[in-house]
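Copied over from TrEMBL:
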type	residues	note
ACT_SITE	Tyr88	active site, proton donor
ACT_SITE	Lys159	active site, proton acceptor
BINDING	Arg141, Asn396, Asn441	(S)-malate binding site
DOMAIN	65-246	domain 'Malic enzyme N-terminal'
DOMAIN	256-475	domain 'Malic enzyme NAD-binding'
Amino acid sequence: ERLAISHRPHLLGMAFSLQERQILGLQGLLPPKIESQDIQAMRFQRNLKKMTEPLEKYIYLMGIQERNEKLFYRVLMEDIEELMPIVYTPTVGLACTQYGHIFRRPKGLFISILDRGHIRSILDNWPETNVAAVVVTDGERILGLGDLGVFGMGIPVGKLCLYTACAGIRPERCLPVVIDVGTDNETLLKDPFYMGLYQKRDRSQLYDDLIDEFMEAVVDKYGQDTLIQFEDFGNHNAFRLMRKYREKYCTFNDDIQGTAAVALAGLLAAQRAIGKPITEHRILFCGAGEAALGIANLITMSMVEKGLTQDEARKKIWMFDKDGLLVKGRSQETDSNQEAFVHESPGDVQSFLDAVNVIQPTAIIGVSGAGRLFTHDVLKKMGTLNKQPIIFALSNPTTKAECTAEDAYTLTDGRCLFASGSPFDMVTLADGRVFTPGQGNNAYIFPVFFLLYPPLSNIREVSLQMAVKVVRFVYANNMAFRYPEPKDKDTFVRSTVWDINYDSFLPDIYEWKGMNPAPDH
């Protein structure tokens, strides 16, 4: 360990004490000043403020993460509202498209289809043995950007940054993984800086065999309770893999289940502002893929819980995709996952605006990844139909959002309840009213919701309070595996949270007291 640290004097930078420098062989490898983490953080923050381009900030932040992890998380947590859009959406999308061009050093595990039969030994190459959370992607549907192959590694890396910053999970217990089965992106296949297999995606049985082997290897290596989070798989794989593994492994699909939890929470919170129960809403989706279907199914469950039948609930949910409204008899083939939300045609609907006019929704939810489909006319109509229309433009990154926050507030005279997947700046209307757009991002699976969504600046504390409630519930209902039961649940939860303060690298140094001297001869 001493040799490893001596070759990494940047680990704490100038924060190494004089004793640590001497004992660890760092003396002379660092400037003589012994610097506090406060000063390091100040330098870090000032350098960031000098930068104007988000991608430049991303590269700088990720470089600090590689060199000084605790400093990185301190700065991220102190300014989470400003920096989360850099380490995650929307900037992470840009970083993924440029991944091979800005590459410095590998992060996470890269498993290719050529590694079949050897995944367990690849996991053995990962230096950490106590992994608790794995985030995995095959790169086929990265945000709203499409197939980016192994360039999609930025998503698991960014997501796990939020595990630590927002929920206090120890970073060494998080493992980002990309599974490379090729890419159908012709631009990447011609790019000399692409870092994956130069082949079309393998869609044969070998793909399923590879994913099966990966799941078995993770559990064999890290245990049955290891969380395996699926990110940005294509629609055709996402649903079937979720159904295949959900009863056998500790797993969930963030794009289906995570997005659904966030969106439903927003709708339930909106009840307090509007005074209308969820059972009285009519919801129109822009998009009919995994995110839309995940949200729609969870909304259905909520409506059924409130007293509607399943059929009654489903009739309140409509979907509009690139081929038009999901209705019976349309010429385009309907996916089997969509069948529950295919209805009789309500009339002539050629555009999303037509759908709004005919269906007269109380809420529109955009998860299409196709950009500004909530046009000015759509937003004006929602404002005409509803006293307080719900407008969720959830597609990521920001350029793919269905509308801007400014358009939503301006064209509804500030009456809408708006949320987006990626952040927008505050909006000031002509009459001086100021609105702070809600961000319905999947990072909010950790905390509870206030009004629409809580401020990111408070997300760590909210996460801890929720964890305490979960621990109390688990012990109260005899569902716990850890005994003896901690008396103070709050103290117990907080003791498990990762600490951003620097650890001492000094060995246990002490004097022997009371030792008799050797006799004189």
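Just so it is clear, glycine is given a Cβ too, placed from its N, Cα and C backbone atoms.
Neighbour density for Asn396 ((S)-malate binding site): within 10 A of its CB lie 25 other CB atoms from the protein chains shown.
The closest partner of Tyr88 (active site, proton donor) among the recorded positions, by CA position, is Lys159; the full candidate set was Arg141, Lys159, Asn396, Asn441. Between the CA atoms of the residue listed as 'active site, proton acceptor' and Asn396 ((S)-malate binding site) there is a gap of 14 Å, rounded to the nearest whole number. Residue pairs drawn from Arg141, Asn396, Asn441, the listed (S)-malate binders, are separated by up to 17 Å at the Cα level. Residue environment of Asn441 ((S)-malate binding site) contains 24 other Cβ atoms, counted within 10 Å of its Cβ in all protein chains. Residues belonging to the domain 'Malic enzyme NAD-binding' (256-475) score a mean pLDDT of 89 in the model.
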